[in-house]
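K.L.:
Sharing a structure, written as structure tokens. Questions coming.
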Amino acid sequence: MCLMNGHCQWQRSTTRLAPDQVEKLAFVKITLSLLGLPDFPYHDEEDVLADESRKFSREQIFTLISTASINFSSMICYSILGPFFPQEAVRKGVSNTIIGLIFGCFALFNFLTSLILGKYLVHIGAKFMFVTGMFVCGSATIIFGMLNKAPNGPIFIALCFIVRSVDAIGFGAAMTASFSILAKTFPNNVATVLGSLEIFTGLGLVLGPPVGGFLYQSFGYETPFIAVGCVVLMLVPLNIWILPRYDTFPGKESFWKLITLPKVVFLCGVIFSLSSCLGFLDPTLSLFVTRTFNLPVGYVGLVFLGLALSYSLSSPLLGIISDKKPKLRKWLLIIGNLGTAICFFFLGPAPIFHLKSQLWLFVLMLVLNGFYLGLSAIPIFPEMLECAYKHGFEEGLSTLGLISGLFSAMWSVGSFVGPTLGGFLNEKFHFQWAAAIQGLLVLIIGLMVATFYIVEAIQARRSCLQNIDNADSEQTPLIPESSIHENSR
């Protein structure tokens, strides 16, 4: 009887394993039994899957290489403008508000692209979307480097908007496909893989500003864009060759069902607040540093280094913690949001603190900001996945496409609002007050998310206690035993 129970338990524990894994497990168990050796150390599917996840297949390795290449190349294309484009645009007769809109339009078109392509990912094909987006991104970067030859004023502004928008479409396609491919290939450790690949995201953010500033200072406006764009285009044939194809099946779920989940709504708020913080720095940071600390353009890129470096170095560890300790994700989100808000209050610093702007304090706040951004950003994707699966979404590329598209879309909304609002506030109230207002926005969203998690925990506790009471009432006999004995007499 005990043997039968053990066999049934083992059979149930392997129902979700792949056929080849079940065969291997059965063979090893039978062999150990015949030899009189202790039983196989894996007791359930989690042990087997955990062991399998430690061994990367050829497909997984190639997927990592491809996604690392798009993370690095897309971020270096995005961040290369920061140190010198605002000054170049001012010489072309562009106001600070319009500069913010040029940065922000990238995010606006990325938002629209992510929603549409996330919905139709399974129809277009993940690999085709990934490679095509990369090609468009590289080509648009090269074309953007030619815009200094355009006439000053409205023509230059219009061309900046057009080319930047096309670049955003390519970026959105590649990143939406990238998130889906990663989650499909590494279903058991999404946060760990995303966190590890953020090294390449951070590397792109790190190298973009200093490389762009150095090439601009040494060779002129065109060189940074042409050099980086050519690197991206050279990666396209590599990804066509190594990136595997994925079988896709359309799902029944929609964006509307996903965004009606309360938890997803609050997580979207976190995504928005974090991306708006990064976007805020694009049109404002270089102008503030050059005017306040009198740094040359080449050194402005090094200031960006603090934020990107701390973000990329901390992300892998935060990803591992997020996967190993899922219950800690909500605390990481809350602490990260509140920490980011505090960093923005002291970035200027805010005039209410009556502190003088100092370079060491500015760099320190950027370093801490990078860590807190990672602390809050890394757990979001697995949290959204877990929430969707709990509410009946199918486990497949269709759901992954929806979540990837929503994640990218909300990130894009923040990236649009951040530069646009940042450019406007910087022009009206100067950087110190502008950064404080941005920090206040993040603080409000962080407190809202904390309140939601507290309410969710209280409701879960009440539900658990109610289930226990119901179970006790079901076990209580309707007729007392004493009455039964008396009747029997």
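All positions are counted from 1 along the displayed chain.
Yeah, the Cβs are placed from backbone N, Cα and C, and that goes for glycine too.
In case it's useful when we look at the structure, here is the feature table from TrEMBL:
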TRANSMEM  61-85  transmembrane segment
DOMAIN    63-458  domain 'Major facilitator superfamily (MFS) profile'
TRANSMEM  97-116  transmembrane segment
TRANSMEM  128-147  transmembrane segment
TRANSMEM  153-183  transmembrane segment
TRANSMEM  190-211  transmembrane segment
TRANSMEM  223-243  transmembrane segment
TRANSMEM  264-281  transmembrane segment
TRANSMEM  293-311  transmembrane segment
TRANSMEM  331-353  transmembrane segment
TRANSMEM  359-381  transmembrane segment
TRANSMEM  393-413  transmembrane segment
TRANSMEM  433-455  transmembrane segment
K.L.:
Within the same chain, where does the transmembrane segment (223-243) have neighbours whose Cβ lies under 8 angstroms from its own Cβ atoms, ignoring anything closer than 6 residues to its ends? I mean 6 or more beyond.
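P.N.:
For the transmembrane segment (223-243), the nonlocal Cβ contacts are 62-63, 65-66, 69-70, 73-74, 76-77, 80, 84, 127, 130-131, 134-135, 137-142, 144-146, 181, 208, 211-212, 215-216.
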K.L.:
Answer yes if the transmembrane segment (153-183) and the transmembrane segment (264-281) have at least three CB pairs under 8 Å among residue pairs 6 or more apart in sequence, and no otherwise.
P.N.:
no
K.L.:
Within this structure, do the transmembrane segment (293-311) and the transmembrane segment (393-413) have 3 or more Cβ pairs under 8 angstroms, counting pairs 6 or more apart in sequence?
P.N.:
no
K.L.:
Could you pull out which residues elsewhere in the chain have a CB under 8 Å from any CB of the transmembrane segment (433-455), counting only those six or more residues past its ends?
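P.N.:
Hits for the transmembrane segment (433-455): 262-263, 266-267, 269-270, 272-274, 276-277, 280, 284, 330, 333-334, 337-338, 340-345, 347-348, 350-352, 418, 421-422, 425-426.
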K.L.:
For the transmembrane segment (264-281), name the stretch out of 128-147, 293-311, 359-381 with the most CB-CB pairs under 8 Å.
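P.N.:
Answer is 359-381, with the largest number of Cβ pairs below 8 Å.
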K.L.:
Could you tell me what the rest of the chain brings near the transmembrane segment (128-147), counting residues at least six beyond its ends with Cβ under 8 Å?
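P.N.:
The answer is 66, 70, 73-74, 77, 80, 117, 121, 156, 159-160, 163-164, 166-167, 169-178, 181, 221-226, 228-233, 235-236, 239-240, 243.
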